Ligand SMILES: O=P(O)(O)OC[C@H]1O[C@H](OP(=O)(O)OP(=O)(O)O)[C@H](O)[C@@H]1O
Ligand SMILES: NC(=O)CC[C@H](N)C(=O)O
Ligand code: SF4
Ligand SMILES: [Mg+2]
């Protein structure tokens, strides 16, 4: 219970705890299977002592290994032979500039890729709709009919970009498509130039990319590329990937992708589309989710950030894209799997389970609703309300399952004491504080009949800036509640995220500025408790060490870097 006390503040209590915001720089850990990837690889295809076929690009000295080198990967790889390498070489296809629009700095998006369905762009727009919670600033799709890649992107929601004017989807023919919903981490939210997928032309053809994540060495990479003469069209970190691919001397395209990715630091779940293939790549730590499935009707391959996107377009979930894996899907439907070098210990973002992902999704192999329920139940055991409570209410939406877990474990009845408007989006994701302030009041309305005269436990998934909690507590008091006890199903957020979640600067994080008692006073709760970090880890079980919890612990798997260059905002 010591941990519980450290994370709890009651009106009568003066307990205080200040959590250090400073990121701890850590050396990188190599995974147990690291030696497999760095073992010497003879030229061409060979069977090694691990019974792994190593792949060696004949035109470069790069070592590419089939992903099956890890015994845990469920799919048999399709090994490339020399002929396939040859065919994979891209023919010159005419160049094209970026699909212009523009940018400011931040992070978390949704990506989708489809190959093998004549309705690819329509399915893509539906899948993006299912991923809308991951980003609301912009949406886009690039499709390909086997020859030319075409792009439609725009600021706003998927329905705003694609729903109003059917001709926009008509302009995206073909059986392959890649899509993106944006929540900016690097590059202005308001700039249409920064809306993905980015479409570019390089020496051997066209390539489109959709990225979820954030590159911590983006500024340094961009400075180097600019020194070498690259001209950037956007202020997004993602654009460096295209430049690295374009300047690579490796062949075929997948070797360029691998060479580019080896220079990236940070988080990236990427989907690439070229005229003849679809590629999915996940960074060596696996910070951001990425899953693969197939449409039940015709076997079309689908990649998406979350399984909720697969469900909507009737695609059967097959597996995660593994960390450090590159999956290549050919137009004939064949699927190959390679791995990036080096591969690291997994550091999946625990905040996906806490807040970002939808509860009906499977993320990192776990049902999100179950994780949230468990966090809430653990919180109830750790931090009951002293003197008891009459009702447990969730802060909709993402506090719902944690509140259910809290109510069931504590034995206090669960009620829907706050009603959510369906017409207001996520407040955390809103770009300005003014909009967030208004957003909370527009979005949530108290139910007087449930709250009046009651000792109310309010359960939310997280406190970031404190905007939501303070507004909600005021609303609940105005509705007549006798006491309001706030319970948060995650630890205090004390550090910014550098891996694709646009958590604000550390100064804006309320738990960075003050201890738990200070936050309680600020939000004017009768008591406040956070789930302790130890309990969060206990709830994750054996896999706890494979999660990133840097925004709670300050332990950053990849050292964050400050921007080292100044540049003109586009
Ligand atoms: O402390 P704050 O800065 O207010 O941020 C924390 C709040 O933001 C998120 O909700 P959001 O409204 O974004 O989305 P949701 O509807 O999915 O819960 C989160 O669930 C908290 O409620
Ligand atoms: N949230 C994200 O994953 C953002 C992707 C990319 N870093 C951007 O800012 O557009
Ligand atoms: S710092 Fe936090 S939000 Fe960012 S990847 Fe790690 S756990 Fe997720
Ligand atoms: Mg919320």
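Keep in mind that glycine also has a Cβ here, set from the backbone N, Cα and C atoms.
Any TrEMBL annotation is an automated prediction that lacks curation.
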Listed alongside 460, 461 for Mg(2+) in TrEMBL, from 398, 527, 532, is 398
According to TrEMBL, region 'Disordered' applies to one of these ranges: 1-44, 45-88. Which one is it? 1-44
Under a threshold of 6 Å between Cβ and any atom of ligand 2, which of the binding-site residues 349, 398, 461 are retained? none
Which same-chain residues, if any, lie at least 6 apart from residue 349 ([4Fe-4S] cluster binding site) yet have Cβ under 8 Å of it: 267, 287, 288, 289, 356, 497, 499, 500, 501, 547, 548
Ranked by the number of other Cβ atoms within 10 Å of their own Cβ, which of the recorded positions 109, 497, 548, 551 ranks first? 551
Can you tell me which of 398, 461, 548, 551, our binding-site residues, come within under 6 Å of ligand 3 at the Cβ? 548, 551
Among the recorded positions 109, 398, 460, 461, 548, which have a Cβ atom lying under 6 Å from any atom of ligand 1? 398, 460, 461
Other residues, Cβ within 8 Å of 398, 460, 461 Cβ centroid (Mg(2+) site): 354, 355, 372, 394, 395, 397, 399, 400, 402, 459, 462, 488, 489, 490
How many Å separate the Cα atoms of residue 398 (Mg(2+) binding site) and residue 551 ([4Fe-4S] cluster binding site)? 18
